[in-house]
Each structure stands twice: as structure tokens, then as C-alpha cells.
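Read through the structure below, which is laid out as C-alpha cells, and then see the notes.
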């Protein structure tokens, strides 16, 4: 399947997260994105160095600036279970705007065409690193990394597009 690209409508899918009361919730991506400007960004794995030290902190640090430019939601997706995503989210106590969404079986990642086979490294199917700017379900910017790179999918890259 070809990766999602500019002009495409994002597929719907159900992902999990833990809310502020520590209750597990399931949410439809379309319910979070319809009629809104959202950033959907994906990382290969929770607690991994580039994801934890660069990619996620960039969106947390730039969240207010992104919101001031009209972004309604900042959604992080990773192929991890919701309990891992909850534990990972708690390592960012200053986070107020990035929602950590679990795609435990990579179903949504496959629907986006952004899966990455890391079986050789013992990690199974993961997500490619990416950042999408979506306006009312339509992809306006699709910054998708090659391999393990981190060159086009940062918060700064999305800010340049706003």
C-alpha cells in the first residue's frame, strides 16, 4: 500500500489512550480530527532515544506556538500498547497538549501505509517516523522519514508549513 500523501483523506481507526483520570479510553481518529486542524505524528517506539530525546520533546515544547497558529490537536501515534504509552507520557510532566495514542497491533499504522518492519532488530512491525498536518481530515503536509532518519518530521518542520 502506498503511504498516505498530500491531498489524501486520513483513514479512520480506533486507538487507545489513558485520560487524566487514568481511565483507558478508545477514540476514533476521525472524531479527533473532523473539522479541525491536527498534527498526527508517529514514531518507531516509546522510550527509544531519538523519539524520547528529540521528536516528542519538540512537539511538547512547541505546542503553544503550534496552537497559536491554529492547530487544535497534537496526536502522537506509536505501535505500543496503551500501558507503555501511559508510562511514556508520564515521563513528560510539562506536557499539556500532546495526546499519546497507542496503536498496539499497528492496524492504524498499516492503514496509513507507514509501517516499518524492524523484525531484524527484534522490534517487529513499527511505524515510520512521520508528521502529518491534517485539516478537516485532509492531509496538507506529509513529512515522512526514510529509515531511521529524523530530518523532516520535527515540530519546527510543521511550524514552517503553517
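Every residue, even glycine, has its Cβ placed from backbone N, Cα and C.
Those TrEMBL annotations? Automatic predictions, nothing curated.
The annotation domain 'Thioredoxin' is assigned in TrEMBL to 4-162.
Using a 10 Å radius centred on the Cβ of residue 51 (active site, cysteine sulfenic acid (-SOH) intermediate) and all shown protein chains, the other Cβ atoms total 20. Look at TrEMBL and you will find 51 tagged as active site, cysteine sulfenic acid (-SOH) intermediate.
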Task: Averaged pLDDT score, the domain 'Thioredoxin' (4-162) - done: 94
